[in-house]
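Lifted from TrEMBL, the feature list:
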- 32, 33, 34, 35, 36, 37, 38, 39: ATP binding site (BINDING)
- 170-231: coiled coil (COILED)
- 359-390: coiled coil (COILED)
- 431-493: coiled coil (COILED)
- 649-676: coiled coil (COILED)
- 705-788: coiled coil (COILED)
- 838-882: coiled coil (COILED)
- 3-1139: domain 'RecF/RecN/SMC N-terminal' (DOMAIN)
């Protein structure tokens, strides 16, 4: 597994979408300071789950988003995506089958961070879990930043332990242990809270037991109060009925007197109607005269107004004619002046146009001369610039030749030095024979692989069996919970419906114990429930007489609801008429009344059948509409009816029996599945432990083999590489000598050409001034002629504007003269029409005045007659008012009596409602009421009982039921306590198991890393020693310290070492860890900065050796480290604040250079 490429967009200085490829095992990232190289390391750390902005060199997580530059605006989000080659299957689990993996992280300005695995959205924890045990992580030993090398050596023992844990692959165990400890802590908290609840519940149960006893005493006294209130209500009901009868007798007397007064009032009203009719006829005649008088007055007014209007219009026309004459004279004068100005403007324009043409010809000639001179100057300037460019180019080539000659001489010196170093290193190479050790390890690895394969197959078998049994258990428990919920729901529904049915079934006890409800004896099909319920409700839920006949029950029934019915046994028949309700019911005997009820399907059918019904017949639809010829009852679907409830209860009871059977079977399945899960869990854990132990042994052998093979291959490869490089250096030295000769010849040629063109540039500078003077003179002449042409054009434009203005004024004046003459002719004609004779209007006015006087006399006669009739009507109304007053007094008395009677009825109704609310029957109360019952005595006994009830104080009536509920809850809490105790023991056992595995892995890894450190340190330093030590005997908590002594030193602590020595020691430790558990890749950020050239060489050799198994991506400024890389990636910042990539393949570049 290795890192293929990184895609960045908007991350820090990488604002544009940028792809950084890593095609080889050793990639160097180079560039100047501040160009954004370290942002590549930050991007990898950020995607792997880094949550601390401080470790990303920022203050907030949003600081990683590009914040703008001098030329760019900030962006709203950033994204980084890592692409991994997983063809070797290093990432296991569900991603083991993927040859390529991508991990992407995206963050927005509102600090919303999102992760993606292969394009699928996921959690941060999914990303960290994916790389657990691989050596990769936001703070793992695979990412070493600037300054981290020195911090690693000087880190605390607990901080250094983290690197050993990651190498041991126990970071995932630590995560599981932390989760298990959290669960234990939560379980202990739950136990504490549960104990508190149990203690508090025990105290509540003691208190509830005392309250339940008081509640029972309270209920007994309350029942006695209820009985006394009922008897007191019966006494008051009898007294109320007696007072009501007395008031009704008085009401009858007042009603008779009122009827006599009303008869007399009707007679007087007939006489008043005659007077009112005469008054209406006289008023109609007077209104007709008044209308004629109004019409005549309007005609007189109209004639007078017409005469006045004619006089006013004559005066207006005469004044307007005078005004028009005056305006006509003024227009004639203005027309003459406009014609004279128009002639003057035309003469001036004709004189100016020839002068303008002459000036335009002179201007065109001057422009042509100016353009020719300008073109000559441009041609000369172009030739001069060409000579100057050649001069500067030759001068630059001369400087370049000097630089190349110096550079070639320096390269000759470096090549000679490098050849000397290669010869020295070739003479020092020593190859060890490791073939025998490789053969022994190969046999051990083959044997271990067979054992691991067998153990893995056994573990997979047990794991599949465990998963299957767990799924079976989950399914069985889910089915059991679902069935139990359905059973509880059905039980509560059945209980509620049964209570309603019981109340309906016992309602006959209020009437007579020998009566039974009719609906209890009927078997009604479900589709007829609505229509049968309509009939039963209309009959007030009818009863059936039992052993007694109806004539016997009449004397015994003291209370029956209004409209209620009682059917005797003789009212039933087994003869059923077709198309009736009786025929639709399956009962053998039904009430005879059902044979008189025809049955149809819809309400519309019922309404159509009403007109054809026989006497005594009704029609009933299945939708609930019941019709007769003279009445209609509307029923319809009633969900809470007794018939609906009875049907639903039968269906629910059947379902409950079925569910009870299913629950029994489900419980048996749960117990069986639970037993199987326990057994499979034990088998799976044992198989897994065996497989992991064998796998660890195989890993140890494989790592040792890898080290031996790598050492052998590295020695051979280094030897071949040194010889190849030495050959290349010889070739390069020859090329450099040939190049030096070539450059010297080119320098002589360029210097001669440079002298020639320098003379040409001086001559061009002298001639340029003559061309400039000539162009300036011609430009001045063109500008003068252009100014004169502009002034003439303005004058021509002004004269043409005046000419158009005067022409428009002449046309406008002529049109106004024509309009004024037409208006004068029209007014003269209208004045002649107004002078017609007016004698006819004067005669009409005199006739209308005579007619008006006659109509006013008629109106006076009708008004006198109307006054006489109104006097007679007022006298009749006075007598009617006196009679109405007597009727009102009688009516008032009757209303008072009715109100009193209604009051007694309301009180009686209130008494009945009171009894109904308390579930008591008036009939039963009156039957059991003693003859000597007295309201005062009963009231006294009631107050005494209520006093006893109040002395009990506040009573918790729900204490009895609550005591039972809390007792059940106490039992449930005790069960929970036992379950939590068992769970706590299981979690503690898991902790012990994790600790055991952690100790084993940590101890093994520590020893192996220590051995590799002891071997690597002398190789890096050329001698000396280094080792790791534990600070405590407890392998779970112990820290790790490092001690190093370079050759010839006996320092007492590692802090006495120099910066370079600390860096090499830290690198030895990191690479020792890589040998044991190599991460897929390693990121190094300027770790060679504190090293000198000799130590950089050793560092490069070590990295080169390890690149056979680990991919290295490092940032460096050191030329030796750059030469080591097989691929160079450059970071530039040509645009301020924006980083860009420049990639170079070193091998291809060398091949191109050699070609």
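Cβ atoms here come from the backbone N, Cα and C positions, even for glycine.
Bear in mind that TrEMBL entries carry predicted annotations, made automatically and left uncurated.
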Other residues, Cβ within 8 Å of 32, 33, 34, 35, 36, 37, 38, 39 Cβ centroid (ATP site): 13, 31, 1131, 1133, 1139
Cβ contacts of residue 36 (ATP binding site) (under 8 Å, same chain, 6 or more positions away): 12, 13, 14, 1131, 1133, 1139
Whether the coiled coil (705-788) meets the coiled coil (170-231): three or more C-beta pairs under 8 angstroms: no
Tertiary contacts of the coiled coil (359-390) (same chain, 6+ residues out, Cβ under 8 Å): 757, 760-761, 764-765, 767-768, 771-772, 774-775, 778-779, 781-782, 785-786, 788-789, 792
Cβ neighbours within the same chain of residue 34 (ATP binding site) - under 8 Å, at least six residues apart: 1133
Protein Cβ atoms within 10 Å of residue 32 (ATP binding site), excluding its own: 11
Count of other CB atoms lying within 10 Å of the CB belonging to residue 33 (ATP binding site): 6
